[in-house]
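Per TrEMBL, NADP(+) binding site is recorded for Arg40, Arg46. According to TrEMBL, the feature FMN binding site maps to Arg134, Ser135, Ser136, Gln256, Ala257, Gly301, Lys316, Pro317, Ile318, Pro319, Ser320, Arg342. TrEMBL lists 99-120 with the feature region 'Disordered'.
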Amino acid sequence: MLRWQTAGESHGEALVAMMEGLPAGVQVCTKDISEALARRRLGYGRGARMKFEQDQVRLLTGVRHGSTLGSPISIEIGNTEWPKWTEVMSADPLDHELPDTGRNAPLSRPRPGHADLTGMRKYGFTDARPILERSSARETASRVALGQVAANFLEQALSIRTIAHVVSIGGVGIDEDAPLPVPDDLEALDQSPVRTLDKDAEQRMMARIDEAKASADTLGGVIEVIAYGVPAGLGTYVESDRRLDAALAGALMGIQAIKGVEIGDGFKEAERPGSLAHDEIVVNDDGRISRLSNRAGGIEGGMSNGEPIRVRAAMKPIPSIPKALRTIDVLTGEPAQAINQRSDNTAVPAASVVAEAMVRLTLAQFVLEKFGGDNIAETRRNAENYLASWPEHLR
């Protein structure tokens, strides 16, 4: 079983990510993870914090000479801003009292749309600092790091590759009839300020972000992740909590600010008659099974069906808004304007990178559930035997 966990605060000394259950023999190195984290930092509309904070990656355990050992993997992502926060975020008690000013000023005006108010109620704080430190999307750097490890495993074990792109920002979207991006488009997507291959939409998205910045506002959007090479049979229909689509939806909904998920054509399917909603099955000239469409997004009955897996997620606008919204001061109960932490005008491009990491982690879990293996050669061999066991006409 593949398990993973993250720890750390937004302005803490470091984030920590742990993974247990990955087979031995997966090739992975610090450079792979650093490149993934750099990709998360890109995107038009990101705030100044992306310039200040840098990710210092250290592979602490579970990897030797670029190859996993089969033991737990731990990754540290250091925060270059830590010297400014050593006292405010110190784990140990200080020998002197800090003034309630600057970085230590109480954050008593919770932001609508954020975890602040409910977190303060739940955990008994009158200061939002402990809440926002962990609920911040900074935590997703840990998941991107682990997602890269999962990506290396998926490609090396089963030749599964993923790609993610932005579908829309602030209501400005791509041409839905354009071909889907493929993994080899990664470099082109990295060069796009908004992570899209649609150059016309790229310019319109950037203009929309400029409008939001000028009006001191923030924007949400829609992102899409596509996984290629996933064999049929991951997941199952026999129990609801073992369905692949349920796991993917839960994984994406666990990303900060994500408010909706669809598999394949999702909500469009609800508007179509059944005769136009499903993917007809045909036999190619080579005798292999194929589909005339992929409206299901590569998943039927909770199981991968061999087609590319396609999932989308809707991200709400960031709740740290320069144009502060109405709230209350929890110390006085009086009306107030919400706090405005340093943030982005939009983080939709970055969210696509995080979503891709979550899809990778989820697929890795299901691959290991299906094929197992204490080393990657065993996983690969089990998968090959499974595929070879199908009758020729079902491959």
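Even glycines carry a Cβ here, placed using N, Cα and C.
Bear in mind that TrEMBL entries carry predicted annotations, made automatically and left uncurated.
Not measured: the values here are computed from a predicted model.
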Checklist entry - Here are some binding-site residues: Ala257, Ile318. Which one has the most Cβ atoms within 10 Å of its Cβ? => result Ile318
Next on the checklist: List every residue in the same chain as Arg40 (NADP(+) binding site), at least 6 positions away in sequence, whose Cβ is under 8 Å from its Cβ.
Outcome noted: Thr140, Ala141, Val144, Ala350, Val353, Val354
Checklist entry - Looking at Cβ-Cβ distances, which residues of the chain lie under 8 angstroms from Ser136 (FMN binding site) while being 6 or more apart from it? => result Glu9, Ser10, Gln256
Next on the checklist: Would you identify which of the binding-site residues Arg134, Lys316, Ser320 has the most other C-beta atoms lying within 10 angstroms of its C-beta?
Outcome noted: Ser320
Checklist entry - Which of the three DSSP-derived classes (helix, strand, coil) applies to Ala257 (FMN binding site)? => result coil
Checklist outcome for this item: Residue counts for the region 'Disordered' (99-120) under DSSP, helix then strand then coil, are 8 helix, 0 strand, 14 coil
